[in-house]
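Engineer: There's a structure below that I have some questions on.
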Amino acid sequence: MHGGFDIPRSHPRYESLVAREKLVEMFEKGVVVPQGLIAHGRGECFDYLLGEKSHDFALEAERVAAAYLLLSKRPVISVNGNYAALAAGEIARLSEALGGRAVVEVNIFYRTEERVRRIHEVLASAGVKGLLPPDCEKTRVPGLESPRGIVCVEGIASADFVLLAIEDGDRTEALVKWGKRVAAIDLNPFSRTAQKASVTIVDEAVRATRNITRFVDELSGASEEELRSIVAGYSNRETLSRAFKAILDRLSSAADSGVLTQ
Ligand code: ATP
């Protein structure tokens, strides 16, 4: 049962319907804001265009993000309402695979301290490791006015690498300008977040987090030299280009045949 509705497992859009139900439930609990529901719809649209699968360019970016999580001095996973609502269990497994070496910070655009506490509760009860408390010491991201610029001193402010998802472009850009290396999970390669991030993961947040965790597991015995060679050859421009081409190819074959075959 999800939100009072029984979604049959056999439904072709089961995963997508479960995600919607989770978001509605978390909206009712004050974890997700109405704007988050709208942002989810935009993401779903791009996932549809991409065929709802993790493409090779996404897997490559996920492997690079995993390498950065293992290489960086102060890696931080930034979690907002949508990301927590959809992927709290996956974030917990990622934090565990990292052995608590990454700090997890609740960081939100539409900030109220009450909502920060609620998201924190969702993550804590999923078993997330390295979670900063809601009353962490705060500072501001340079250039970001209003509460959307508030970050934890021990978290994003002192990070050299930030993994974030379903994020606003302005905030992503401000973090990059502040000197952080940012890996962003965002299904829309046109978004400012996707365009401004150092590593863009054009994939759905739950799938992406599972894939990153798998790569962290695979790479956790790798030497620093091996990890450095994974990140050294990476071009984000090429990743974005491949994501646009994947959409183009799928649209082109659908336009040719009128019938979806993949
Ligand atoms: P930007 O400000 O970066 O130009 P935007 O205005 O679309 O983009 P938001 O409204 O904050 O920014 O939306 C967040 C982004 O997250 C959207 O681009 C959307 O495609 C993406 N998104 C939504 N749901 C998911 C999801 N489950 N997984 C990955 N990406 C998602």
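Note that Cβ sites are derived from N, Cα and C of the backbone, with glycine treated the same way.
TrEMBL labels come from automatic prediction, so no person has curated them.
From TrEMBL, for reference:
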| type | residues | note |
| --- | --- | --- |
| BINDING | Arg20, Arg42, Asp186, Leu187, Asn188, Arg192, Thr193 | ATP binding site |
Engineer: These are the binding-site residues: Asn188, Thr193. Which one scores highest on other Cβ atoms within 10 Å?
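Structural biologist: The residue with the densest Cβ neighbourhood is Thr193.
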Engineer: Does DSSP put Arg192 (ATP binding site) in a helix, in a strand, or in coil?
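Structural biologist: Its secondary structure by DSSP: helix.
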Engineer: Quick one: which of the binding-site residues (Arg20, Asp186, Asn188, Thr193) have their CB closer than 6 Å to ligand 1?
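Structural biologist: So the answer is Asp186, Asn188, Thr193.
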Engineer: If you measure every Cα to Cα distance among Arg20, Arg42, Asp186, Leu187, Asn188, Arg192, Thr193, the residues said to bind ATP, what is the biggest one in Å?
Structural biologist: 24
Engineer: Applying a 10 Å Cβ distance cut-off over all chains shown, what neighbour count does Arg20 (ATP binding site) have?
Structural biologist: 19
Engineer: Specify the count of other C-beta atoms within 10 Å of the C-beta of Arg42 (ATP binding site).
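Structural biologist: Step by step: centre on the Cβ of Arg42 (ATP binding site), count other Cβ atoms within 10 Å, giving 14.
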Engineer: In the three-state scheme derived from DSSP, which category covers Asp186 (ATP binding site)?
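Structural biologist: Assignment for Asp186 (ATP binding site) reads coil.
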Engineer: Taking the Cβ of Leu187 (ATP binding site) as reference, which residues of that chain separated by at least 6 in sequence fall under 8 Å from it?
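Structural biologist: Result: Arg42, Gly43, Phe46, Asp47, Leu50, Val202, Asp203, Glu204.
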